[in-house]
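Noted in TrEMBL for the protein shown:
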type: BINDING; residues: 89-94, 141-144, 176-185, ASP211; note: FMN binding site
type: BINDING; residues: ARG301, THR538, SER599, ARG600, LYS605, LYS606, TYR607, VAL608, THR609, ASP642; note: NADP(+) binding site
type: BINDING; residues: ARG457, TYR458, TYR459, SER460, THR475, ALA476, VAL477, TYR481, GLY491, VAL492, ALA493, THR494, TRP680; note: FAD binding site
type: DOMAIN; residues: 83-227; note: domain 'Flavodoxin-like'
type: DOMAIN; residues: 282-524; note: domain 'FAD-binding FR-type'
type: TRANSMEM; residues: 20-39; note: transmembrane segment
Amino acid sequence: MENSEGVKIESTVVTEEPLISALDIALFVVIITVAYFWYFKRDKQSSSSEKKPYTIQPSSLSSIEQTSNSSFIKKLKSTGRSLVVFYGSQTGTAEEFAGRIAKEGARYKMKGMVADPEECDMADLVEMKEIQKSLAIFCIATYGEGDPTDNAMDFYEWLQNGDADLEGLNYAVFGLGNKTYEHYNEIAIYIDQRLEELGATRVHEIGLGDDDANIEDDFVSWKEKLWESVCSHYGIEETGEESNIRQYKLVDCSEVLPERIFSGEISRLKSYENQRFPFDVKNPYLSKIAVNRELHKSGDRSCMHIEFDIDGSKMRYDAGDHVAVYPKNSSELVDKIGELLNADLDAVFSLLNTDEESSKKHPFPCPCTYRTALTYYLDITSNPRTHIMKELIEYASDPKDQEKLKLMASSTPEGKKEFHEWILRDNRNIVHILEDLPSVKPDLDHLCELLPRLQCRYYSISSSPKVYPKSIHITAVLVNYTTSTNRVNKGVATNLLAQLIPTNDELPQPTIPIYIRRSQFRLPPKSQTPIIMIGPGTGLAPFRGFIQERDYARKEGREIGEMVLYFGCRKKDEDFIYENGLQEYVANGTLTKLHLAFSRDQPEKKYVTHLLEQNADELWNIIGEKSGHLYVCGDARSMAKDVHSIIVKVVMEKGQMTNSQALNYVKKMEQQKRYSADVWS
């Protein structure tokens, strides 16, 4: 006969068997043996982990070792410090400011340390009162639509949800924001107020830095008054000693084996040779450039359509997300620094933190060559801040160069004016400064310590994963401009991307490191919901993905709501990007209406904001009567503000509301994610 799986079974005569067979005994022995080894192996691993207290554990675990390492209070007490400066940073500026404050604490007999709130148990703030004359300072950036930075998210939520007694905690807050955004310094303002609500004592009023103006000037002005308040609060005096003490010491690594030397990786050594999922800010994916084509039809400007190949990476994105691109500096600028300082750029070195308690051992991946540091890790094209001017003074052999640097490093009105005109207005970077002040010859390792980290660049994704699951598209304008000193400054990322042209032969395709940053800029959950999209220039990018997504749904037979797009550019025959594709979407019914504004095709300038005002009835019909969604993408400084004003005006007039009622209506739209902005300044 056969069993249920078709296996033939022979017929046998049933005989009486003993209660415990040889097979039963064998199985019992096996079980006992496995249990024995499992128990003692676990015990051995436990003992081993106790011998290695600094083994990295998953963040979800709350081990004794983690608690010990995350206790900034213990570090303060064990090293005799009384000042801790926390930073919430997305681009590195807040971290830089925190380091400068901690360093200056020595002038006031307050030994300081810098701390990342993500790596600390912030509940320990309740114990700050146990340290005599202690002070906690928070340098906090507001990011996105009024959000905390990634590394400050847990701290922000702890403040929101907790009710710790912070009586005895002395604090001060400096915020980093941008006035062109609606939620200007919202996180810093909240933290400042919340700390006071929990019983902490504000030593100095909050400082609000505006990156749209001169955040360096805002910070320096606030910092000077901060120390005055600190002296008054604690009854101390400035020592008068300038603290140009190096934070990192130079280590010669000429004997380090080549396989132990970083060559541009963001965090993990050889990460580009051995790619491992998941990919994120510290572990980007080395993507091939699949497509790189010009979108402008004519003119002297360039706009690129670029497609990153993510096939096989397991990376997933949604329409509206951003892709981060890790750039590198031009070899021309890097070589120029080597020439100006007569330095061997191929020497292998490391910078080691002189503070042994600091969790940040190196300012960037070390060891590496100077060429690698200047190419991949350091920002050599932005305007240096005043503290760099101050540090360069000692390297100037010409008295005139010394005086100029001293003036720009000072906080006098004359000094601020000189810094603004010579550095900011003339757009000088560190290369220009070394060229124009030829007697200034800083040690290259010190310069590497002073320069900020080169940051990734974010681009709105201009594709839908439903249509392009194996690639990510971006739309990027090439940045090139001539300064008042007749120098040509070039955008770091876009000029690199412009060179990465895929080939049709067997040669390796160009690559660049990327990762996906999630966004709240999302289509409505229901495909029937009507939407209005306002995106002049490259502001069209995320809406290209939105339209593709709705077109995909329509082709699947699903009902889609009205899609109205407002697009503007200079000239129809010059920079009307994706024109053919947009016209096809209009023809097949996916795009209900396409409102176009070509600002320079007629004597009077015409912008998308003019069209919005003209189409007030259509606007109110969708966002008022049909509860549709409205999206804005592009320039925050003028366009997005003008759009907001027009929306409020339309709601007032067509919705028959007062100004305050209209403002509340628009505010509620924002809270409900019916009014979303993806803007930049």
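Glycine residues also receive a Cβ, built from the backbone N, Cα and C atoms like all the rest.
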- Note on the structure: Within 10 Å, the Cβ with the most other Cβ atoms among the binding-site residues ARG301, ARG457, LYS605 is that of ARG457
- Among ARG457, TYR458, TYR459, SER460, THR475, ALA476, VAL477, TYR481, GLY491, VAL492, ALA493, THR494, TRP680, which the record lists as binding FAD, how far apart in Å are the two most distant Cα atoms? 23
- Looking at the binding-site residues ALA141, TYR181, TYR184, SER599, THR609, which has the shortest Cα distance to TYR459 (FAD binding site)? TYR181
- Message: Return the residues near GLY92 (FMN binding site) by Cβ distance under 8 Å, restricted to its own chain and a separation of at least 6 in sequence.
- Response: PRO452, ARG453, GLN455
- Rounded to a whole number of Å, the separation of the Cα atoms of TRP680 (FAD binding site) and TYR181 (FMN binding site) comes to 8
- Note on the structure: Here the 10 Å Cβ neighbour count for ALA493 (FAD binding site) comes out at 22
- Task: Can you check which residues sit near ALA141 (FMN binding site), meaning Cβ under 8 Å from its Cβ, same chain, 6 or more apart in sequence, and list them in order?
- Result: GLY88, SER89, GLN90, THR91, THR93, ALA94, THR149, GLY175, LEU176, GLY177, ILE187, ALA188
- Message: Tell me which of the binding-site residues GLY144, TYR181, LYS605, TYR607, THR609 ends up closest to ARG457 (FAD binding site) in space, Cα to Cα.
- Response: GLY144
